[in-house]
């Protein structure tokens with residue numbers, strides 16, 4: 001084309017695109033007679049070049065016919081440039097640039113192919129030369145040495161090996177001008193004809209080196225976008241990995257049958273068939289078939305026992321390892337320390353006795369503190385742990401237990417964790433029920449007892465009477481020839497305290513108390529509570545080992561990490577040694593008093609043990625004894641006859657809540673019983689109020705108060721709060737409320753008895769009975785029971801009372817009278833009438 005032909009010329013016809021799309025309509029038919037009309041368009045694209053013209057034959061064939069000195073593979077035919085589709089939107093310059101790029105890409109691909117072929121030839125020649133040299137050395141070693149012919153024979157081979165690379169240079173140089181002269185040269189461009197390549201697909205486009213506008217070459221045109229899929233796509237990494245895995249599997253299968261892998265299968269008490277198959281790396285269907293052969297028709301989701309699982313594991317050639325759920329738990333009692341690692345520890349002393357006998361006052365005198373003043377009502381309602389340093393520098397740990405009857409479990413807990421029990425008995429009061437209970441707790445725990453006779457300075461004190469009363473409970477003091485130490489003390493005057501400390505030191509020396517501090521810590525929960533600012537807090541008495549900040553532990557059904565340790569003086573410490581009481585912060589929840597704290601290796605182990613214990617506790621709560629039909633009906637009858645008194649209990653510490661629940665359960669009778677909906681330590685929350693509102697139950701708060709949100713809900717739902725700080729005030733008020741639920745007590749007082757002598761009509765419907773009064777008197781309006789042969793016929797009242805024909809109010813014994821009974825006419829001669837009056841009294845529990 002010339003420039004004049006390329007110039008656009010104006011015509012009188014309107015500008016526009018020729019129609020290249022032919023449209024038609026096709027009807028799609030579906031089921032049930034449905035049809036859909038679809039418009040189909042057929043696009044036509046113009047092709048550059050004449051329809052019958054063949055592609056120009058490149059002159060590279062002449063170069064290809066040149067003799068090659070080496071048997072190199074034939075060069076691939078140069079691909080003729082594909083007639084590019086002419087787009088009406090492309091200009092002539094863009095079409096020429098596209099042709100030039102395609103030619104340049106073909107030329108670069110041919111050069112790259114020639115370079116790779118040359119490298120392969122050189123490598124093959126070098127390998128052949130190396131093989132020939134090794135062969136010559138082997139021949140020289142076996143035969144007689146002939147040095148002259150060997151280099152001469154190898155010279156032609158070396159020359160022949162070096163010849164092919166040198167001969168390929170002229171071929172390539174000859175091919176380049178031939179390729180350049182064969183391509184049709186457009187105006188101001190000299191495209192190069194590409195060598196034919198063996199692969200039919202076009203390679204990835206590469207940037208040309210010159211002669212082209214680079215800014216325009218990188219632009220995305222319509223033609224490039226439409227022909228994008230014609231280029232070769234590289235395989236993704238995922239496809240390569242899949243191919244390698246497939247090849248590896250094919251090699252493994254082709255190598256022969258694989259040897260069966262024997263596994264150690266861990267089998268718990270019960271396991272499903274599918275889970276067992278997964279652990280053995282077998283198919284679940286194979287296990288089901290094996291069980292069917294054993295006569296057990298099961299599915300993969302059914303559970304089998306450990307013995308059946310062992311048969312399956314053995315049959316499939318694996319090894320079994322039996323485990324039990326109980327193995328998850330920690331058995332601290334089986335871990336015994338070596339005697340060489342034990343070191344002396346401080347004695348743990350529990351002070352026990354009856355209420356108001358001066359236990360806390362005695363401990364205050366020993367500590368030099370005033371704990372008793374902080375207790376509500378002057379009585380101890382919490383179990384406290386303290387350490388006292390004696391004059392010789394030794395340390396003694398004291399546990400102060402409540403003396404009230406409601407705190408039985410607290411006293412029992414204190415006796416179980418202690419080494420020595422100090423029984424405090426008031427000299428003027430003697431032994432009381434809780435004193436005797438403390439003696440029984442100490443005997444059950446196998447703990448030695450030291451008797452402290454307190455209040456010897458008070459008038460009416462008689463210590464000798466206390467010693468004599470102790471003989472009734474098999475406690476023989478030293479003054480009477482026994483082995484039980486007793487000390488007369490006065491907490492008020494602080495007399496006899498040194499003797500008491502000496503007695504404790506002597507008893508501890510006899511017992512030789514030791515523990516291993518260089519091991520994981522173990523301790524017992526003395527008390528637990530939910531603090532508003534600190535969260536769950538537990539008072540722990542360390543039994544052995546050393547508890548440190550950061551230790552991970554399990555405490556009952558709760559787990560956690562030690563965030564802080566606080567001693568009995570309120571100071572934070574870094575660690576707690578054996579026999580040391582500390583407050584532990586960092587629990588996941590409030591544990592139960594009496595639980596054991598054990599330090600474990602990691603959090604996963606702690607959570608596993610805690611979850612197992614929670615599951616066991618849930619099973620224990622929800623487990624029910626086998627119920628018979630008779631038992632079911634009797635339970636329903638009891639439930640219908642017994643009134644329930646629901647309560648929600650919140651206390652400051654777990655021990656107090658436990659004591660309140662036990663005290664309220666003792667108030668239950670055959671007619672009414674306490675139903676504890678929820679009992680826990682901590683402040684009264686919104687959930688507590690919501691629970692109480694749903695059942696119309698009062699909320700009992702022991703040394704706790706509700707938050708603002710809970711008070712708001714309580715005012716809206718009309719929920720009652722009962723606040724207490726002394727436990728016997730709480731039990732007294734609850735007993736009154738339970739009695740009020742029952743209503744007044746109905747008491748019957750028999751007034752008189754009479755015998756029916758005759759029956760005669762009285763009016764149209766009623767019958768009158770002629771009576772002889774045998775005992776007491778009969779009055780009008782009283783309640784009466786008519787009996788026949790000692791069987792009650794009717795319960796009624798006396799509607800009318802007459803003597804002869806006169807109405808009277810009362811008839812005494814020995815006289816005859818006539819009565820009309822209300823609501824009954826079933827009266828016969830010989831019946832007996834019992835007259836009584838009803839008295840309503842206020843109930844007491």
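Cβ coordinates come from backbone N, Cα and C, glycine included.
What Swiss-Prot records for this protein:
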type	residues	note
REGION	1-260	region 'Disordered'
COMPBIAS	68-81	compositional bias 'Pro residues'
COMPBIAS	101-140	compositional bias 'Basic and acidic residues'
COMPBIAS	141-166	compositional bias 'Low complexity'
COMPBIAS	173-191	compositional bias 'Low complexity'
COMPBIAS	194-215	compositional bias 'Basic and acidic residues'
REGION	353-360	region 'G1'
BINDING	353-360, 400-404, 454-457	GTP binding site
REGION	378-382	region 'G2'
REGION	454-457	region 'G4'
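Everything Swiss-Prot records as a feature, shown here on the structure.
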{"residue": "353", "record": "GTP binding site", "DSSP class": "strand"}
{"residue": "359", "record": "GTP binding site", "DSSP class": "helix"}
{"residue": "401", "record": "GTP binding site", "DSSP class": "coil"}
{"residue": "456", "record": "GTP binding site", "DSSP class": "coil"}
Which residue, out of the binding-site residues 353, 356, 359, 401, 456, shows the minimum number of other Cβ atoms inside 10 Å of its Cβ in this structure?
356
Per DSSP, what is the helix/strand/coil residue tally across the compositional bias 'Basic and acidic residues' (101-140)?
40 helix, 0 strand, 0 coil
Whole-number mean pLDDT, the region 'G1' (353-360), equals 80
